[in-house]
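Comments concern the structure below.
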Amino acid sequence: MLQQVPTRAFHVMAKPSGSDCNLNCDYCFYLEKQSLYREKPVTHMDDDTLEAYVRHYIAASEPQNEVAFTWQGGEPTLLGLAFYRRAVALQAKYGAGRKISNSFQTNGVLLDDEWCAFLAEHHFLVGLSLDGPPEIHNQYRVTKGGRPTHKLVMRALTLLQKHHVDYNVLVCVNRTSAQQPLQVYDFLCDAGVEFIQFIPVVERLADETTARDGLKLHAPGDIQGELTEWSVRPEEFGEFLVAIFDHWIKRDVGKIFVMNIEWAFANFVGAPGAVCHHQPTCGRSVIVEHNGDVYACDHYVYPQYRLGNMHQQTIAEMIDSPQQQAFGEDKFKQLPAQCRSCNVLKACWGGCPKHRFMLDASGKPGLNYLCAGYQRYFRHLPPYLKAMADLLAHGRPASDIMHAHLLVVSK
């Protein structure tokens, strides 16, 4: 009998709408993935594939563990509420009393009262894409017709709050917004947002090989390429995070939860929970496309990183395959010497392999493009992280660090 349960913890994120989206955000790396399925124009997950995903994912999970379903795109709301009602019903059918959770990333444009009532009823955690105030958000996040989307997203945010849906806000940090950290942060706080994640936008223009597949953006690899005009500069990303951290630690500890800070604290105290790109290895978070194809990672949806198909192979076969094992282990094995001797290695771990397309000081490939920014950020944090860890160890809340006699922000 084929092995059903993978050897170690894992996660499978679904993209039921494929790359289909109702927006045309300039910096999106996934819209163009439709080129990979040109021979099969249907890009929405059908009932058979949905059932296979739910059934196989639950079967592959240890009985004592929560089964965490994540729905992303493209834009997952394009499938309509009926699709997710069926997904929840299938989870109940195959879950047999298991603890099951759902999270959902959306641009928010199609959310209405009916959607939000459903999301609240079934305890979905919603990730809403919002880049900050209108002048920042609307620069790159536009409709197919090029119209701004900020008002539509703010309407969605209001609806999520009205229906008490658990949500966080996902903020893409681009070349423009990186220069306005407090404008972005304060706008979100003023809008009532409590959970925030900052995502650096880094993309390169396609080389000839990638362009032949109909793609405009560079595939991951160690070849340097021309950056897109919206890609954040490394030093500015570091300064962006430091500015927000300094602002947060003076007034918002225990009130606003910035995932980039949470991950840094987890690594500092040796706790689980840090994001994959700041772990020594990766490869345990795969994605399933609309037709059941499984890929090594959300950022590696390219033919050479396809692991198989949910209709033909078990999750265990694919995620424990030699190909995927090597993919995950290479995150550490291919670290250049400069990273291995770096004093923030255990905070950074080289970042996401997708961004390792620079040469290190000795001319060796594999240095993360964001290295300078990560160094700035991770070298700034330790005194504060230690102070918060000490407070917690003595039974005091981390928010006590905001008291004037404990807080000295470096200049």
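Glycine is no exception: its Cβ is also placed from the backbone N, Cα and C atoms.
Here the structure is a predicted model, which means the values were calculated and not measured.
In Swiss-Prot this protein carries:
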DOMAIN    3-250  domain 'Radical SAM core'
BINDING   C21, C25, C28  [4Fe-4S] cluster 1 binding site
BINDING   Y27, G74, S129, R141  S-adenosyl-L-methionine binding site
BINDING   C276, C282, C297, C352  [4Fe-4S] cluster 2 binding site
ACT_SITE  D298  active site, proton acceptor
BINDING   C339, C342, C348, C371  [4Fe-4S] cluster 3 binding site
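The C-beta environment of C297 ([4Fe-4S] cluster 2 binding site), restricted to residues of the same chain at least 6 apart in sequence and closer than 8 Å, consists of C282, G283, S285, V286, I287, Y305, F327.
The [4Fe-4S] cluster 1 site, placed at the center of the C-beta atoms of C21, C25, C28, has further neighbours from the same chain whose C-beta lies within 8 angstroms: L23, N24, Y27, Y30, L31, E75, N107, R141. Shown are the binding-site residues C28, C276; of these, the residue with the fewest other Cβ atoms within 10 Å is C276. Other Cβ atoms within 10 Å of the Cβ of C25 ([4Fe-4S] cluster 1 binding site), summed over all protein chains shown, number 20. Annotation note: S129 (S-adenosyl-L-methionine binding site) sits in a strand segment as assigned by DSSP.
In the three-state DSSP classification, C348 ([4Fe-4S] cluster 3 binding site) falls within a helix. Mean pLDDT, taken over the domain 'Radical SAM core' (3-250), works out to 93 on the 0 to 100 scale. Of R141, D298, C339, C348, C352, all annotated as recorded positions, the residue with the shortest Cα distance to C21 ([4Fe-4S] cluster 1 binding site) is R141. Distance noted between the C-alpha atoms of C371 ([4Fe-4S] cluster 3 binding site) and C352 ([4Fe-4S] cluster 2 binding site) is 11 Å. Inclusion criterion for the recorded positions S129, R141, C276, D298, C342, C352: a C-alpha placed within 10 angstroms of the C-alpha of C25 ([4Fe-4S] cluster 1 binding site); this criterion is met by R141. C371 ([4Fe-4S] cluster 3 binding site) falls within a helical segment according to DSSP. Neighbours of R141 (S-adenosyl-L-methionine binding site) among the recorded positions C28, D298, C339, C352, defined as a Cα within 10 Å of its Cα, are C28. In terms of C-alpha distance, the listed recorded positions C276, D298, C339, C348, C352 place D298 closest to Y27 (S-adenosyl-L-methionine binding site). Cβ proximity to the S-adenosyl-L-methionine site centre (mean Cβ of Y27, G74, S129, R141, cutoff 8 Å) flags the following additional same-chain residues: C21, L23, C25, C28, N107, Y140, C172. A Cβ within 8 Å of the Cβ centre of C276, C282, C297, C352, the residues given for [4Fe-4S] cluster 2, is found for these other residues of the same chain: H277, G283, S285, H299, K331, P353, K354.
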